C-alpha cells in the first residue's frame, strides 16, 4: 500500500529536499509558514505542484498563499487552485509554477497558511486573576504529498510559560521558541500530533460578523460604515468581575481586552463610533500622516466570552477611489479593512451602494467571494432605488485586506435628477400656495359678506376722496394767503377756478359712490349724504373767506374786522370739518 | 403771519376734538391695539398689509428657528441621545410602534416590565407622542428620507416648540392683537419654563402637549367668537390630540367650562357660546373616550364633572332664555334664574374644590417623591421678570375674559404642584407679550400716523359678532388730513426713548437669561455626565451606558434585573432586559417588595429575590465620584415604601442612629450597615483609597468613612462595576445543586462493596458533615457564643 502511494506521489517526481517550518502561535492565530526546497527528480518538467493541509486543520484554514523565493530576493506570488487528491482526506491546492521546473531542477517555494480558532483555551473557564492557557494541536511534520528529505520545525509561543509539549525527537526549548527536528526522510502524508499547552494572553478577539457598507455618491463622497459584532473567544470568565482588582492590580484580567487600534485610510473624515444607545465616548482619534488611527475602546473591557457590538463609520473623498472614463466608472477600494491587528472575521458581508442609475455593474475581487442577489436601496431623493452589490465570505484574516474593483456605467445627466426633483417640489409647493391664495375655494357664497366687502371698498374710496377734497380747501387757504401778500387777483381767480373744477369732480365722484352705496342698501349712504351737505357748507365758508380777503385787499374792510370775521369763519369751518371727521370715523 | 397762526390753531383744536371723541368711547387702548396691527395676515391685498404679513411670517419663522436652536445645547455638547428616564420609555415604545406597526403597539403587552406581571402598554399610555413621532418617521421614510427613529424622537420637541410658538401667536392675536401675538411667540420660543420639558432629547409628553394646549385654546376662542360648528369641531380634534398626548388635558376640560361659567355669571350668554360649548362638550367627550387609557374616565371621575355640570347649566340657561322670550312674568323669571344659577354655581365650585384639593393634586404629587424632577427654583426663574407687569394687564383687560380665567387657573395649578408650572408658562408669555406690546404702542408711537378706528362697544352682542371685521378694518391706513402733524400728548421724546430703551434692554436681558438657564440647567442628558478639569477640558462619565450596554450584550436575553424603579425605563430602553419595577409606578406593593429586598439583610433578601426570579441586581453608587443622586441617598425612600407594605419586617427607625441620624459610617445603625443595599454599594469599597488625604473607604458623596468595610456576599457576586463605580451589577447565585450529594454517595457505595457497613455509614456522616459544615460550624459557634 505504502509503496503504491509512494509511487503515486513520485509520479510527479517531486521531492521536498529541505523544509523549514515556522509555527507562530504568539497571537490567537496559528500562522504556519514553510520554506520548501522543491526538487524535481522525475524525468519530465513539472508545471505545478500540490499543497496539502491536514484534514483536522482544513476547516480552520483562513488563508493560504505560496510564493517563489527568487534569486534576486523578490517574492513572486503564485496562483492557487483548490483540488482533490484521490484517496486522501485533507485540503489540497494546486500551485501553478511561473515556469516549468525542469527535470533535476530545484526551486525554493514559500508557503504561508493562517489558521483561525485552532488555539483552544484550556482550562476553558478562568477567573479574573488567572492567566489564560491554550492548547495547540498540529503536526510535527509537513503534511505533503511528496516525500521529505529533511525538515525542521520552529514553534514560536506567546510566553515562556509552557505547561507541556510533545517531545518528538527531543526538541530544544529556548524562552518562547521550541525547535523540532531536523527529521530525515519523512514519508508523504505522514502525521504526528504536536500538542503544546502554553500561556497565551494575547487578545483573543474575534469579529463574529461584520457588515461593511460602502455608499458611493457622485457628489464627491464615499461613506463607509462597518457594523461589527466582537467577541472575546478566549477562556470564559468564571465567577465575579471585580472592578477594584481590575483597577488596582496590573495583572488582573490580563487576557481581557481594554482597547485596540483600528487604522482607517488617511483621508477618512467625520469618523463616528457608536452603538444602539449612542456615542461610545471612550474612544480617541489620532490623525497620522499616512492613516487615521482610532483607538477603539469598547464601553467595557472584554473578558472571555463577553461580546460587544458597535458601528464605526467615516467619509472618504471619492476622487481617491473613483476612476472615470466617459460614462465608465471604476471604484477601487479595499474589500475589507483593518479593524485590529491579527484580526479574525468569522463572517463578512460587504455591501456596495452605487449611485442611482448605475448599470452594467461588474465586481472584480482579489479572491473568491460569494455574491448574493443584488438589492435596491432607497435613501434621500431616490426614486427608483440605488443598486446594491452584496457579497459574503467567511473566515477572513489580515491577509484578506486587498482591493476590489467595481466597474459600472453611469449617465452623467442623471446627476441633475436630484436637484431638479427639489426644484420641482418647491415649484409645486409655491404654485399650490399661489393658487390657494388667489382663488376662492369656499363652498358657500356669503352674499352679506360680499356686500360688506363691497361697501368697505366704496367707503374707502369715499374716504380718500373726502380727504382729497379737504386738502383742496387747504390749498385754497394757501392761495388766499399768497394773494393777500402779492395782491395778484389773477392768481386768486385761477386758484379759485381750479378749486371749483376739482371740487366739482370730487363732489360728483362722491355722489356717484353714494349712489352705489345706496344701491348696495347700506345705511352708510345717508352718512355720506350728510358729509356732502356739511361739505357744501365748508365750501361756502371757503368762498366767503376768499371774498373777505378780496375785500380786504381792495381796502373795503378794515384789517381788524377782517381778522375777526376770518376767525369766526375759521371757527365754523373747523367745527364742520371735525363733524366731517367724526362722520368719516363712523364709516 | 397772523392768518397762519390761526390756521395752525385750528389744527390743534381739531386734533383735540378728535382725541376727545376717541376717549369718549372709553376703550382707547384696546382700540389702539386693534389698530396697531390687526390687518396683518387677513388683509393681504393692500401694500402695507402685505409687508406686514411678510414681516410677521419672518418673525414667526425666526422665533421657530430661535426656539429650535436654543434647544440644541445638549445635542451639540453631547450627542443626539434620549434624556433622563421617562423619555426612554417613550422612545422604546415609539421604536416598537415604528417596527411593528400601530395595531401591534396598541395591543402591546410588554413582558419585559414589572416581571412577573407585565404591563399592557397600549392601554396604559397616552399614545399621542409615540404616534406623532412614529407618523413623522413613517412619512419621512415614505419619502425615502432615511432618518433613524431616534433622531425623530430627539428632535420632535424642538420642532414642536415652533408649532407652539405659532399657536401662541394665533391665540394672542385672537385675544389681543398681532403685535402682542408676535411678542408672545418670541417669548414662548425661548422661555425656560417650557424649554425645561422640550430640549432636544427630552422626548416627553409635555413637549407636544403644550402645543396641543395652546392650539386648543386658540380654536376655542375662535369658536366662541364665531359660534361656528366648524371651528368647534376643529377645537374638539385638537382637544382629542391633547387627550392622546398628555394627562394634562384635564386642565382644558376644566378651564373651558370655567370660562363658560364665568361668561354666564357676567351675563355674556349668547347663541355662539351655546353652540360652541355644547358641540365641544359632546364631541370632545366622545373623542376623549376613544383613547384606551382614558376610557370611561370622562363620565366617571370627578375631574371631569365640572364640564358636565357646566354643560347642564348651559342647557338650563338656554332653556330659561327661551322661556323668557315666551313668557311675561319677568320677575318670576329673574328670581328663578337667580336661584338656579346660584345652586349650579355652588355645585360647580364644590366639585372643583373637591377635585383639586382632594384628589388630583394629591395623587399626582405623591407619585414623584424620590425623583428630583421638580426643580422649583429654576422653574420660577422666568417669572420675576414678567410678573410685575401682569397686574397692569389685568386692569386693562375688561372684556377678553379668557385670558384672566386662564391665568388664574394656571397660577392656581402651578401653586398646587410646581411641575404644572409648565401650563402657566404660556399664559405668562402671553400676558407679558400683551404688556410689552401695549407699552410699545404708547411709547414707540412716533411713526404711528394712523389714528384709532372708532372703538365700538364690544360688549354689545352685534359688534362682537363683527369683531373679525373690526380687525380687518383696522388695517386700512386712514390719515386724517386735518391732523397730519398733531403733537404727541404729554410725553416728551426723551421719556419715550428712555422707556423704549429700558424695555428693549429688559427684553434683551430676558433673552440672555433664557439662553443662560437653558444652557446651564436644562441641557444635560443626565444619562451622560460630564466633569471639567482645571484646564477646562472635559471628562465624560459614561458609566450608565457602560453598565447598561454590558447588560445588553453579556447577559441572557431573558435575564431579570432588579433595581430601584427610577432606573426601570433606562434598563428596559438601553439594556433591553426585563425589569421588576419601573417609572410607571402603578403597582406599589411590587415596588415595596423590591424596597424590602434592598433594605433587608442578605439572606432575607435572597429569599425575596429567589421568589421574584431575580438574576441580576443593579444599583447606582456615587461614592467614588461624589454623585449625589445615588441609591444610598434614595435609600430611605425604599425603606419607607417597604415599611408601608411590610410594617412587621421593615421599620424606618431601625435605619437611624439613636440620635435620629442617617449615617453610613461606624456610628450608623447596624441594620443599615448590614442591609443588602449597603453591602452592594460598598462591596470592596473599604479597600479603596481614593486619595492620600482620606482613609480607605471614604465615601465622597456623604463625606464619611464607611462603617462596614469587611463586606462578604454569600448569595450574590459582583458581575460588573462600571469604570467610576457609578453602576454596580450583582449576579444572584443560583442555589447549589443538591443532587450531587446523592449521586456521589451512590458511586461510593457501589465501588466499595467490600467495606463494612460501619465504614459506609461513617463515610456518609463525613460527607454530610462536609456538606453542611457551615451549618455545623455556625451552630457550634452559636452555642459557644450563647455560653
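Every residue gets a Cβ built from N, Cα and C, even glycine.
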From B:387-407, B:408-428, B:429-449, B:450-470, the residue range that TrEMBL assigns the feature region 'Disordered': B:450-470
Of B:26-44, B:83-101, B:178-196, the range TrEMBL labels transmembrane segment: B:178-196
Range annotated as transmembrane segment in TrEMBL, from B:273-293, B:357-377: B:273-293
Annotated range (TrEMBL: transmembrane segment) out of B:5-25, B:152-172: B:152-172
Distal contacts, the transmembrane segment (B:120-140) - CB-CB under 8 A, six or more residues away: 90, 93-94, 96-98, 102, 105-110, 113, 146-147, 149, 152-153, 156, 203-205, 207-209, 212, 241-247, 291-293, 584, 586
Close approaches to the transmembrane segment (B:54-76) from elsewhere in its chain (Cβ under 8 angstroms; 6 or more beyond its ends): 37, 40-41, 83, 154, 157-159, 161-162, 164-166, 169, 178, 181-182, 185-186, 188-190, 195, 198-201, 514-515, 518-519, 523-525
Cβ contacts the transmembrane segment (B:246-266)/the transmembrane segment (B:305-323), at least three under 8 Å, sequence gap 6 or more: yes
Distal contacts, the transmembrane segment (B:152-172) - CB-CB under 8 A, six or more residues away: 56, 60, 63-65, 67-68, 71-72, 75, 80-82, 87, 90-91, 94, 129, 132-133, 136-137, 140, 180-186, 188-189, 194-195, 197-204, 207-208, 210-211, 214-215, 217-218, 221, 426, 429-430, 433-434
